[in-house]
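See structure below.
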């Protein structure tokens, strides 16, 4: 949009182009993304309905799962409407302040999801390695403090990203090569020194995702050590089964997160590949999380079945 010898002073709007190189087919790409969003919205809404009304799910693991579901819903709402409007209605322009707002919510909700995964790993660690003290350690007050700390950490650390972007005045382009407002995609537009923005972005990534991943990994090393020392095979299988859903969710989240993060900064990945994978990273985990936990949790399966049976009975 702007030439290399042009700069824009305090722009009011930016242009999101969607998926570069795939604009001719992104209309059709929108449909599978819509399907993923609908699965995420329905699945997480079911969890937010079922967990409060099912007394057997009033446990730390499922309370954290409810917070994770609310976070996943927020991610879908923050990303999908504008992205699908770009794909289907050629709605490319976006107010700069709205872009920074979207950027904040996307990265803050990502950070909250990472923190909740760490809290869930700690819950499994205490449940397996110190089961007699599980209820005395993970009290309702403790759970509330953990959720508040995760939310405050995400809000404070991520909140500085749009503030640092707002201080920039000159931009060499207004075209964001992405389907949503991502921090580095906006930073690359600046025609000023952005070393502080890049350095702080790296700090936030490692202070949140890096920190959480390390401690989740340590938690599972200790869990596996405790499981393999159990005398009975049945007890080992039962203990391992309580962790499988969380391991699947943990792997999908962090593998996609770090691939997206490093490919944007240090990789030589084609732009459309990076944007597709970063969008998949944000939208697929919210769709998979309720499926993974729903399949592994008997009470959730039973409640969902009851809801559909009751609905079909009322229709008859």
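Glycine too: its Cβ is placed from the backbone N, Cα and C atoms.
Checking TrEMBL for transmembrane segment across the ranges 27-50, 171-194 points to 27-50. Counting Cβ pairs closer than 8 Å to the transmembrane segment (269-293), the top stretch among 101-122, 142-165, 202-227 is 101-122. Per-stretch counts of Cβ pairs under 8 Å to the transmembrane segment (101-122) identify 142-165 as the leading one among 27-50, 62-89, 142-165, 202-227. Ranking 27-50, 62-89, 202-227 by CB pairs under 8 A with the transmembrane segment (142-165) puts 202-227 at the top.
Long-range contacts of the transmembrane segment (27-50) within its own chain (CB-CB distance under 8 A, at least 6 residues past either end) are made by residues 19, 57, 65-66, 69-70, 72-73, 76, 80, 83-84, 87-88, 276, 279, 283-284, 286-287, 289-291, 293-294, 299-300, 303-304, 307.
Residues 16-18, 26-27, 29-30, 33-34, 37, 40-41, 43-45, 47-48, 51-52, 102, 105-106, 109-110, 112-113, 116-117, 119-120, 123, 143, 147, 179-180, 279, 282-283, 285-286, 289-290, 293, 297 of the same chain sit 6 or more residues outside the transmembrane segment (62-89) yet have a Cβ under 8 Å from a Cβ within it. Across the residues of the domain 'G-protein coupled receptors family 1 profile' (43-293), the predicted structure has a mean pLDDT of 88.
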